[in-house]
Amino acid sequence: MNRLPRLLLVLLVATTFASCRAKTENQAAGSGGYEFPIEAGKYRILGIRTDNTDHARAKQNAESAIANNPNLKAMVGLWAYNPPMILSAVEGAGKTGQIQVIGFDEDPVTLKGIEDGKVHGTVVQQPFVFGYKSVEFLSALARGQSLDIPESNLIFVPFKAIRKDNVEEFQAELNRIKAGNGTPPPHNQPNYDTSEKVKIAFLTNTVDPFWNYAEEGVRVAEPIFNAECEVYHPPNGTQEEQKRFIERKIGDGCQALAMSPSSPESQTGLINKAVEAFHGNVICHDSDAPNSKRKFYIGTHNYLAGREVGRLVKEAIPDGGDVMIFVGMMEQLNAQERSAGVIDELLDKPIPEEIAKYLPKDEVTQEDKPAEEPSPESTSEPTPMKEETSPEAES
């Protein structure tokens, strides 16, 4: 089994997760670690601000970053609600156009901001596909049917950048999904035996419009695969809420589970308990738990998506400047990988060979191609990240 792609990212996660616990320490996080601020050529990355999925705190983080960093040129939000909170803070400070906003996901406020020229762009995933494919895979697993899964146990769903020139077309696509007319993605294999009805579950990590699109994918897939799927969005985005849901599903006849773990490392035992209860039929979506016994992961390649966000930053402020990153929780793997991708892009690091192969062929540029013989001084590993800010930024 080829585990190199995941091992590269696990190294990133291990160093990041360990350093996240020392928020007040400004020291390198293990081999290849960085201190904030990070000097990246024309760019200076001040740090990463987290909010524990508290939207009010997310806005406060953005406001304090603006107040304490007069030379701030770009603010990057890596979870769906971060860009709207950033935009609100920028508008409140009267700095629309002076501070560029770069986002992630397709919050309506973010898309409207792109239309109005207040947000430079965002990188969007395909949550509808997450939901649809989870039902497809879980239904087959619950019936004991074999699946053609990559040896890496990683199934990546493409992402794309949304700018002013394509936001209207993308919005029309979202409207079709919300109206129940989302287009089913190609199936993993041509034929499934769907004669037996199955009970499955789809667990997200919080309440957010992003997950509504995933639920639409679930609802479109249910009749196609003869499945009954309970979808649960934890109201407060806590581990305890996810734990209670899983424990309830273990006892109610559920046969398979897809989940987005809010804190993969601390939830490994819970995930493994679910794996045992559901006879191995547990997968991760959106955020992975690679150290658990989950069967496989389906979702975005978050490191490469982070690189795309970094490219949007370069477009937005081509002359360089100070950059601040905002995200919900650094304990979550997708936050770690996206952050590393943004920073590595601003550092102009080559994309590691074992990761670059996941780029769509039409998106592999000359600079993305890995060097055949990298120098000893350079590293092919994604940047290990820390959840802290520079002395210039409020902690």
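Yeah, the Cβs are placed from backbone N, Cα and C, and that goes for glycine too.
These figures come from a predicted structure and were not determined experimentally.
According to TrEMBL, the features are:
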COMPBIAS  357-372  compositional bias 'Basic and acidic residues'
DOMAIN    41-145  domain 'Periplasmic binding protein'
DOMAIN    204-356  domain 'Periplasmic binding protein'
REGION    357-395  region 'Disordered'
SIGNAL    1-22  signal peptide
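Across the domain 'Periplasmic binding protein' (41-145), the model assigns an average pLDDT of 98. With DSSP classes pooled into helix, strand and coil, the tally for the domain 'Periplasmic binding protein' (41-145) is 49 helix, 25 strand, 31 coil.
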